[in-house]
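Asks: I'd like to ask some things about the structure below.
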Amino acid sequence: LKKTLSLITTCLVLLTAKSKKTLAKPGVKNVVLVEGVRTPFLQSGTTYADLMPHDLARAALQGLLHRTGFPKEAVDYIVYGTVIQEVKTSNVAREAALGAGFSDRTPAHTVTMACISSNQAMTTAVGLIAAGQCDAVVAGGVEFMSDVPIRHSRKMRKTMLSLNKAKTLGARLSLLGSIRLAHLSPELPAVAEFSTAETMGHSADRLAAAFGVSRQEQDEFALRSHTLAKKAQDEGLLSDIVGFKVPGKDIVSKDNGIRPSTMEQMAKLKPAFVKPHGTVTAANSSYLTDGASAVLIMSEEKALAMGYKPKAYLRDFVYVSQDPKDQLLLGPTYATPKVLERSGLTLADIDVFEFHEAFAGQILANLKAMESDWFAQNCMGRKAKVGAPPLDKFNMWGGSLSLGHPFAATGCRLVTTVAHRLKKEGGQYGLVAACAAGGQGHAMVIEAYPQ
Amino acid sequence: MAGLRALGVLSRITVRHRYTLFSARTHVNYEVKGDVAVVRINDPTSKVNTLSVHMQKEMAEVLGEVWSNDAVKSAVLISSKPGCFIAGADINMIQACKSAEEVTYISQEGQKMFEKIEKSPKPIVAAINGSCLGGGLEFAIACQYRVATKSKKTVLGTPEVLLGLLPAAGGTQRLPKMVGLPSAFDMTLTGRNIRADKAKKMGLVHQLVDTLGPGLKGPEERTMEYLEEVAIECARGIVNKKIPLTKEKGMMQKVQDYVMSFPFVRNQIYNTVQKKVMKQTKGLYPAPLNIIDCVKSGVEQGSDAGYLAESQNFGKLAMTTESKALIGLYHGQVACKKNRFGVPEKEVKTLAILGAGLMGAGIAQVTVDKGIHTIMKDTTLEGLNRGHQQVYKGLNDKTKKKSITSFERDTTLSNLTGQLDYSGFQNADMVIEAVFEDIAIKHKVIKEVEAVIPPHCIFASNTSALPIKDIAAASKRPEKVIGMHYFSPVDKMQLLEIITTDKTSKDTTASAVAVGLKQGKIIIVVGDGPGFYTTRCLAPMLAEAVRVLQEGVDPKKLDSLTTGFGFPVGAATLADEVGIDVAAHVAEDLGKAFGPRLGGGNPELLKTMVEKGFKGRKTGKGCYVYQPGLKSKEVNMELNDILESFKLTPNPAVSSDSDVQYRLVSRFVNEAVMCLQEGILANPVEGDIGAVFGLGFPPCLGGPFRFVDTFGADKLVEKMRRFEDVYGNQFTPCPLLLDHAKDPSKKFHK
């Protein structure tokens, strides 16, 4: 009976016509995704440990060139995202592009917007093309958590800077003499939200509690993510990966963080942030990851003229922001209805959902928020809920929980995955949504390119 | 069989029927969730929960049922009110008692109930959100386990001492065991509120719960549910032995315990604390000494002696005039935190302040962090800079104390605009002027301001003595003009004196009161006249103080006489703080208005001091010499020459220490009563509140009016007559005071 029921529903879904045939707008250039690639995402401190961020970025950019065979000089512009900046390569976009053998005549800039940095890179590219400034833009993002800038304390920095200016030996010696033990304690990059001094995991735990998401639900969702990722990996669906020869080490060609466990194993873990009664654990959170991604975005006409078959149209997108304390990770809830309205679509029109999974608790809280009239009315100023995406269309090839989450590289992975899933599953519209530190969020509608 | 079953049903019905009959409980209820009983406290008649006779009775019933129900293994105690766990014992219950024995009995009942809870065979977890004070805290610490939310509203403390009482339901006995002697003394003797994070560190609560944002319900509602869920888990954990009730002691704790095991060390602590209390209270407040006594009895002679001392001392304290005075002030304070003029038509969203001096910046400081856009205007960049720095420092100090984050400090400051011109005044809803006390300048300012502000905007003057109607004379719309007299330092002094003229509209008053309440002030609304209420009471006392100085009493002696009477700040120090120039100015103005009655010392003395640059603390010299960085201050020796030239010969008949004290106080009190008589004051309550919170009238006396009630108007009049014989009409009792002296049944406070 269950089977027939689901069959009927599938038929019904297939029969229901989309509310719109295409999202092309008169007078607006069609922007397309030609190709998207990424390095394998590795847990930080593993095979990539001795690299630098621009090395990873280079690998993704080279992989893109290699896979598309795109002439380097035809790239008009490069936009790249990163979150934790390596101070030596503060404009990592430029360093990576030069290192990857792009033309030194192609300008490149770096953007940052926490976990939606590469989304910002892509939408910047879309804007450049739509405005007629460029025809072919490479966008992407890199995150390298195996090495992060750890600074001297402010006191020590001040002493060292004064030392530069000290003219006499006596002045230098007296400055050196002023160094105390306290000067030597290092300053780690902030893991906490600057405005609230709360770590993201702690906020996620509170968010899960606010929506009554249980530990069990979170563990189940994390297990689902890992199981689906494993399946996708085994079936060879993660075709956006380009192999990477790490100097002095083997060629890396697979993500290494996918590890389907059992509910019993996961239940043993202690909460990581809110102790002792919290629900967010290491197993139901995304982990520190190294990785880079890159996409080639073009105007449709130019792509076709150059003989490329685009993978998908990049359509409407929105950025949202809300209270960084209590609604830090609710970006998808706010962004989804907004982008659907812009496109004139309903939730039912979407065939493929790819949401960034920061924490299982965060995803489940977002799903509950989207299903709640109370939340829509009291917090979003909407008349009614928009509804939550059906799970059978949701992150079907794994997500950030299992594949890993190199902050600034995740956005391109989501968009490329939507394009690949639309093709594989025969859908027409896909939706990408993500949350980011600072209480911000993003969503984009993607339309399959006609076969 | 069927019959039997029917009988069973029937009996169940009757049982339930009877149950509902008996359990028409209104304040305490419970539900059983699995094996945990969730006991909810909710006083339906009030915004806060208090431990009343009724509440205690229902609590005893409910706990009895919990204990006898075999399905229940543990209990959670929680309030249904999001902002309040239990705010303390019902003060009216104590006030209603006629004798010390009755009060002692109340204490003993409380002790017994909490002892039962302490010895409960089933663990009880107190789930605390909001205020957990006094009896509420004593209740919580009798429970086996405490979980509290990190909400800013969650505060724990024993404020009984502030009412001249002591924690009398086991508080003086359990606290030392729980947090150690030093912390227990700190809590019970200062009565200060302790935030949740600090309480956790002290060992007062076991676990903290985060506050939640909006989810599927409102933030407060869901936070309460979450607290309950966590508390239930704790209760189960205790039953399952997963959560140990005895915490393993750290090294520091062990060392401390070892040190404390020597009677010598403990005695040293008692002595130190006792000395400190005596120094601060001058022995005028019995409660702190009694608290030390109770703690000592418990620790040294065992808990039986401790509990007995606690209940008996409590009974005694409740009958003291000091406690009655303090409770009176508490009630008055509550009354003065209400807006009896209704809701203003327009909420003040933008407030402009003229003058960025000490007062102007102080007003900005208490306004800007209440979400009101604040404009601070000065005439010079230096002045503006100084004012801005004052506001920044106030906020930054809060950041250092961790009561706000640096981020909150910055966002708050973004609400403050500093400027030299009148731009943006077209959006102001209220303008408060804090410019120099000169009627000509005030007139110039009011004209300039009225040219730029919108029609609904209120003009308030922060003058301390100039009559508002004189200032309003230059206004085109006197109905929008009002006086808002703040006290320095604005962020510390709780009082705001609002002055209305007969032209001030009711809505203007309502709006001024609303702003003051938002600023966290206790408000008295008084009629217009020279010096209004507070300045008018202070002036004769300061005039008398000047005479006392002229009669050869040195400033230090004068200070010790006034503080010995209960004033928190001595008269000479107060003059320095207010500013000798301001005092001289006020003395001259009020002298003109009221004639010789306000005289006393020679006003020329103050003027000479001002001429020499002895303007008080702000110039580094006044009655005392102030050196930056030095806390102790020395008498200004250069003052001696001036005093010498103004020397008067004291009359030995009225110059004993006690006489000097009463000369100072009686003039203050007489002027206060006269203000009531003339209708400047609306009622004696506001008079008491204004005197205590604005001028530092001894809190243990409860304010000038309560002082007259307690001391006896006849006795006061008798003293004044004696002074009158020597000094003349400055000591003539006013008619209203004489009325009270004639008829002892007449009291200002019922």
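Each residue's number is its place along the chain shown, starting with 1.
A Cβ is built for glycine as well, from the same backbone N, Cα and C atoms used for every other residue.
Pulled these from TrEMBL:
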SIGNAL    A:1-24  signal peptide
DOMAIN    A:31-301  domain 'Thiolase N-terminal'
ACT_SITE  A:Cys115  active site, acyl-thioester intermediate
DOMAIN    A:308-447  domain 'Thiolase C-terminal'
ACT_SITE  A:His405  active site, proton acceptor
ACT_SITE  A:Cys435  active site, proton acceptor
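Map these features onto the structure and tell me what's around them.
Replies: Across the domain 'Thiolase N-terminal' (A:31-301), the model assigns an average pLDDT of 95.
Its own atom aside, the Cβ of A:Cys115 (active site, acyl-thioester intermediate) has 32 Cβ atoms within 10 angstroms in the protein chains shown. In three-state terms derived from DSSP, A:Cys115 (active site, acyl-thioester intermediate) belongs to an extended strand segment.
Residue environment of A:His405 (active site, proton acceptor) contains 26 other Cβ atoms, counted within 10 Å of its Cβ in all protein chains. Look at A:His405 (active site, proton acceptor): DSSP puts it in a strand.
Taking a C-beta cut-off of under 8 Å and a sequence gap of six or more, A:Cys435 (active site, proton acceptor) has these contacts in its own chain: A:Cys115, A:Ile116, A:Leu328, A:Leu329, A:Leu330, A:Gly331, A:Pro332, A:His356, A:Ala358, A:Gln362, A:Asn366, A:Gly441.
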Asks: Using DSSP, tally how many residues of the domain 'Thiolase C-terminal' (A:308-447) sit in helix, strand and coil.
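Replies: Per-class counts: 59 helix, 35 strand, 46 coil.
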